[in-house]
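Comments concern the structure below.
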Amino acid sequence: MKRLGKYALFLSAALALAGCNETLEDISPKAERQLPERIVQSMKAKGMSKTSPVMMRIFKEEGKLEIWKAKQNGRYDVIASYDICKWSGKLGPKFTEGDRQAPEGFYTVRPGQMNPKSQYYLSFNIGFPNAYDRANGRTGQHLMVHGACSSAGCYSMTDEQVAEIYAFARDAFKGGQRDFQIQAFPFRMTAENMARYRTDPNYAFWKMLKEGYDYFELTKLPPKVDVCEKRYVFNREAPEGQSFSPTGACPQMSQPDSLMMAYQQYQTQYDRAFSAALGARAKSTPAPSIAGHKEALLVADWSKRRARGERVSREPPSLNPTPTAIATAPKPTVAPAAPATTTAYTTDGQPNGLQNAMQAVTPDRQEAAASSAPADAPMSTGSVPVPTPNPSASETPAAVAEAPAAQPKPAESRTSAVTRRLRNLFGG
């Protein structure tokens, strides 16, 4: 009888605690779920360890979130690709709190941004606003990658998907990675897509992002990211004793000659492909995009009035005739990825200059231990690559094979879940 009394007392306290903190993570930590064996075997086949560094890439229009991990040679390869369940807003960056836009840009995630007790199953804050966003007066908070397939400015996944995505990050942190990079793009920044969006009001911003995109395509290493003159700069070094100020003038920047030559050769081939794309018929029409800060303010005001219970239109206001899009993948999927996607402009007939220049690009082992600067410090992530061969630089992108993901189990009620866990501990 005493034991039952103790059990009842403990159960009451536990239920009260669960009401405040959502779940008793110290009893059953969903954040400690291990990666499926199919992914573990795929990592082994690609020469990746469970705890090797990780990075992520997001493509809004395509609705994809990719996981990339470092191989034994230090270069990154794609290991998994997930259909984003929902993201709100349109193509284009986030401008202001309440505009419902999902961020675009280069973001840094540290262990403190991981949330194992999220009300959206599991989540991590992507780090918006970063130094670029703050320098340009952009506002917003709590922008996440999370579960529950519900979004108002975040990138939302199914619970099953986010458990795997979270596990990739958790294991990399356990292996010593101090932070990882998230690259969020409106679309894959190929010549065809850039030509398709050349008249978009966000084109100048996207062209700036494309430089970082290209460096990753070229080297298969997360680019070093800094901000000066309110713009991103990639793979540049400041003179000794100087630093990058997000709102200040850029210092006299330098870059290894070999990397500069490789990038110039890459850009020359891109320019040819872009010119060809301008003369070709686009395969698809552009998706809706936000019409700058003015539209963002309209949507933010709509969001405030809606939150106050005022009568508003069903869809947010738009300066374009196309209604605001909410991207929803028809069937969330995940699978170990096929061979790495690589640069799209190095096909047959590639100039010898690029082949020679690529001998200059190599991983820097410091990418596993990136900057530990506080969130309000000038943005600086990664390090500029130093010489060695890039064996995959001349390959053509391969399609990512996907298979249906396991469907998440029906959610267990908070009370019954806590009761079951306590019975497991105390018997009965």
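Just so it is clear, glycine is given a Cβ too, placed from its N, Cα and C backbone atoms.
Feature annotations, reproduced from TrEMBL:
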SIGNAL    1-18  signal peptide
DOMAIN    54-185  domain 'L,D-TPase catalytic'
ACT_SITE  His146  active site, proton donor/acceptor
ACT_SITE  Cys154  active site, nucleophile
REGION    307-337  region 'Disordered'
COMPBIAS  321-337  compositional bias 'Low complexity'
REGION    362-418  region 'Disordered'
COMPBIAS  368-378  compositional bias 'Low complexity'
COMPBIAS  391-410  compositional bias 'Low complexity'
What whole-number Å value do you get for the CA-CA distance of the residue listed as 'active site, nucleophile' and the residue listed as 'active site, proton donor/acceptor'?
8
In the domain 'L,D-TPase catalytic' (54-185), how many residues does DSSP assign to helix, to strand and to coil?
24 helix, 45 strand, 63 coil
Cβ-Cβ under 8 Å from the residue listed as 'active site, proton donor/acceptor', same chain, 6 or more residues apart: which ones?
Ser118, Tyr120, Tyr121, Leu122, Ser123, Phe124, Cys154, Tyr155, Ser156, Met157, Val162
Please compute the mean pLDDT of the model over the domain 'L,D-TPase catalytic' (54-185).
96
